[in-house]
Each structure stands twice: as C-alpha cells, then as structure tokens.
C-alpha cells in the first residue's frame, strides 16, 4: 500500500502544473465517482469558460467585419482572435472526448504502478522535461498576454476623438450594440471580462499543449523501456530455452501494448495537433504581415510587441514539433536496437522467434496532424517556409 501511495505521489508531482491548468477550465477528468456538488461546480466552470470566450470573440468579430472597413486594420485585429477561435474549438473537442482522455490517463497511471523502480526513473526524468517545457510556455504566454491586453491599453489612458468624444481602449476592439462600453461602469466590467476571457484562452492553450506533451513523452518512455528490454535480452547470461522464450514473449506483449496505446493517442491527439499547427501557421503569417505594416509606419513599440508575439507563436509550434521528434527518435532507437541484437548467442529455434520482434520494431511510432503530416522538426521547418510564402501572398493581395 505504501508503494502505491509513493508511486501515485510521484505521478501527481509530474502533473503538478498540468492538473491545475485543466481543472481551472473544467477539463480534468474525474477518476472516481464524485459528489453532486463537484459535478455542478465542473459544469459551472465549463459554462463560465464558454461565456468568457464567446464574450471576447463575438463582439470583436462584429467590430472587425461590421465596423472596420480598412483591410489592413482588419487583418491586424483578426490575428489574436484566430487563436481564440482555435482554442475554443480545441476546448470543445477536449470536453467531447473526455472519456477517451480519461482512458489514456488511466493507462498512464497503470504503467507507473506496474513499472519497476528503474523504469519509473525513466518516467520521472521524461516527465520533468515535459514539466519544464510547459512551465516555460506558460510563463511566456501569460506574460505576453498581460502586457498586450492589460498594460498597453491602460497605458494609453483616455483618448479624445476629433468629435470631442473621450474613449478608453478595451483589451480588444469590440462593438456592443445595446450599451456604450466606454462609459463607467460598463468599461470596467467589459475590460475585466475580456482579461478573464484571454486568461481562459491561454489556459486552454497551455493545458492542451501540456496534455499533448505528457502523453507523447510517456510514449517515448515506453519505447525507451522497450529498447532496454531488448538490450537485456541480448546481453542476458541465461540463454536457456525457457528464459529466452519468456523474454521474447514479454517483449512482443509490451510492444503490442505500446502499439495499441500509440494508435489511440494518434486517433485523439492528431486533431488537436492539427488545429495547433494550423493556428500557429496562420498567426505566424498574419503577425509577420503586421510587423511589416508597423515597420512601414515607423511604430517601433508596435514592432517590438508583434515580434514578441511572433516568437511566442514560433515557440509553440516548435514545442509541438520537438515533442513529436522525441517520439520519432525513440522509435528509431527501438528499430536500431532490434536489428543489432546478439542473435548468434541463441539457438536456431529462438533466432526464428526474434523475427517477429524485428518486424514489429520496424513500425514507426509517431503522431500526425489529422493523418496529413507527421509531427517532427522537419515539419517545423516546412511550416516556417509555408508561413513565409503565404505572407508574401497575403501582402500582395491586401496591397
């Protein structure tokens, strides 16, 4: 019992950042029956998150497409809301597939409980890598959001228009048909709700990326354990028929378990990865256009802000692709290990049993973006090239 508590404590420690992020937005699955109060609280959180996101997006789209007529300004205002729309879609998908995510998390918990101390060390080390990546991403996102959506509008103060009307900038340009958003206390209420809406959007972004990294890094750990099992088979001193047969059987069963887990992960996470890559590509392209536009206007401060956003977008896409590359590297390591076994140490009968091990090890474990492209560092360079190409098309089309 104490061992189970220790292992669960280690698992909770590895989830110390992901768990609160997803729980804030009501997207963390319950693993045991909960009280009626907890269920009601969860649905209230979900309702509040949808309300805040829609309150931020709908009035902004009304302003962009209904009030603003300058195409350059429309693109400038639209860029952050593409991200908001993508996060709303991911949030809906995450809630819709909550049962599948619960099964994945339960499988991860079982792997931790059934692992040896040596294998749990692999889990802990890889989980720490995911934690540090998520922590860095969260700090960058929340700081940039706080700067752009709160400090910059408040620093502008009151602005007097040519018709002698005084306004104050909201977090995002919005249009409300039924009341004046610039009057007190309407302004304070709307401004606060917009800040909260942005907080929800970036929390969903951090949470979904953290969930993706957790699952992919866990798969990488499973593949490393599989490679270690093959090395142990190759180097074990006992080459008797029963001992070799048992180890080969364990390797095949473990590889089959990893394959089933990876298929389920790719079936679920591929859509989230596709959304995030598409979102990152679009925003990288549009923010690049905004940088060029502000550079031509000699607005140094705006250029600095947009360059910061560009770096954040590129960092997000790079993080996803880097995690996918880690998985590919571990899969390649398993393949190389399987074809370099010391098969000559075994009897001819057992050597034939190694053939299925080599065959299944050649199957490449990876995650894809909606089964269109595989997630890897090569994909990251392709995304950057495509974004630059679309940027040139966008610039020529608008101008």
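Just so it is clear, glycine is given a Cβ too, placed from its N, Cα and C backbone atoms.
Note: TrEMBL annotation is automatic and uncurated.
Among the residue ranges 240-267, 268-295, the one that TrEMBL annotates as transmembrane segment is 268-295. Note on TrEMBL: of 161-188, 301-328, 329-356, the range annotated with the feature transmembrane segment is 301-328. Here TrEMBL gives transmembrane segment for one range in the set 105-128, 129-152: that range is 129-152. Of the candidate ranges 21-39, 45-66, 301-328, 45-66 contributes the most Cβ pairs within a distance under 8 Å of the transmembrane segment (189-217). Outside the transmembrane segment (129-152) by six or more residues, the chain places 14, 16-18, 21, 171-172, 194-195, 198-199, 202, 205-206, 209-210, 213-214, 217, 305, 308-309, 312, 315-316, 319, 322-323 with a CB less than 8 A from a CB of the stretch.
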